Amino acid sequence: MIFVDACFGKETEYTPVWMMRQAGRYLPEYMEVRRKIGNFLDMTRNPEVVAEVTIQPIDILDVDAAILFSDILNLPMEMGLPLRFEKGVGPVFDKTIDTEEDIEALDSSADEKLEYVYKGVKLIRERLPEEKALIGFAGSPWTIATYMVEGRGSKQYAKIKKMVYSNPMMLHRLLAFNTKETIEYLSKQIDAGANAVMVFDSWGGALEKEKFFEFSWNYMKEIAKNIKAKYPHIPVILFSKGVGLYMDEMDGEFDVVGVDWATPIDHALRIFKDNYTLQGNMEPTRLYSKTATKEAVEKIAGIMKGHRHIFNLGHGILPDVPVENAKYFVNLCKELTRRG
């Protein structure tokens, strides 16, 4: 698999490419399925639907890896926090973590309740072309905790950051719980057929540098270490958004570093050299323009020539991007990096 080879820094025919949120609303085929099912959460809990929409970008765009169609909040939902999606707001937990007792009440067998995810993974792997990789994923312990404590997305993260400074021991307890459950969750995705796993730390950048390492990165490292010990042949991808200035202190037993669009990829390359594969990092809104896309792909390909790299966006693809432009991006990445 070209994607797995690139994760491990092996020479490949061209630089593999996929996109975050590639199974999503910009695809008419996805929207058709969503109209039929009606509810996003119900889609994530239906293995047949999960398999269908995960494979759509492979069939339509010919990306080199499929990423499991799911949500990072399915895990805390199965821990016992009822989840709903509110129009104009996004995910909402009406029950939040406010006390030690709330942590005590969380279900420590949440990973066992996610059988619908593992069934989806198994179906996808059975139906995917052999050469295409399947990426399993989870949210980082910190990012999941922000939703569990705040109850929804936030701009200030005041509630959880208050915990950082006034009750760090309680927060560490929650993060340790999330870490244990995430290791189990990712392990079962691998057992079901995932060829790589990725940890998404969407809100790591909400923390100052010292606290980022204490409350986010160290737990992500723990997940990577455990997965690599059990599954050395499985690549582990870590992606923290908004932490470009913290990269100089990042290390650990993982294979790929996701680079967001606000971090120049040459900055990441100077820090990580070829110790890890870099994944990213075109600004997603460039996809509205083929000219802007070409400019960015040429620049990134030039910087990363001869280095460990996987093409991706620096964040998720947006819902109103023309499919034709997404295809153009994928084809261009392959064309400009083809060796020999």
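From the backbone N, Cα and C atoms, a Cβ is placed for every residue, glycine too.
Listed in Swiss-Prot for this protein:
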BINDING   Arg21, Gln22, Ala23, Gly24, Arg25, Asp71, Tyr147, Ser202, His315  substrate binding site
SITE      Asp71  site 'Transition state stabilizer'
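Structure coloured by features recorded in Swiss-Prot.
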residue	record	contacts (Cβ under 8 Å, 6+ apart)
Arg21	substrate binding site	Gly316, Ile317
Ala23	substrate binding site	Tyr30, Val53, Thr54, Gln56, Pro57, Ala66, Ile67, Phe69
Arg25	substrate binding site	Met31, Arg34, Pro319
Asp71	site 'Transition state stabilizer'	Phe40, Leu41, Thr44, Pro91
Tyr147	substrate binding site	Leu73, Pro76, Pro91, Phe93, Gly153
His315	substrate binding site	Met20, Lys241, Asp260, Trp261, Pro284
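Mapped onto three states, the DSSP output places Asp71 (site 'Transition state stabilizer') in coil. The record assigns Arg21, Gln22, Ala23, Gly24, Arg25, Asp71, Tyr147, Ser202, His315 to the substrate binding site, and the maximum Cα to Cα distance across that set is 23 Å. The secondary structure of Tyr147 (substrate binding site), as reduced to three states from DSSP, is helical.
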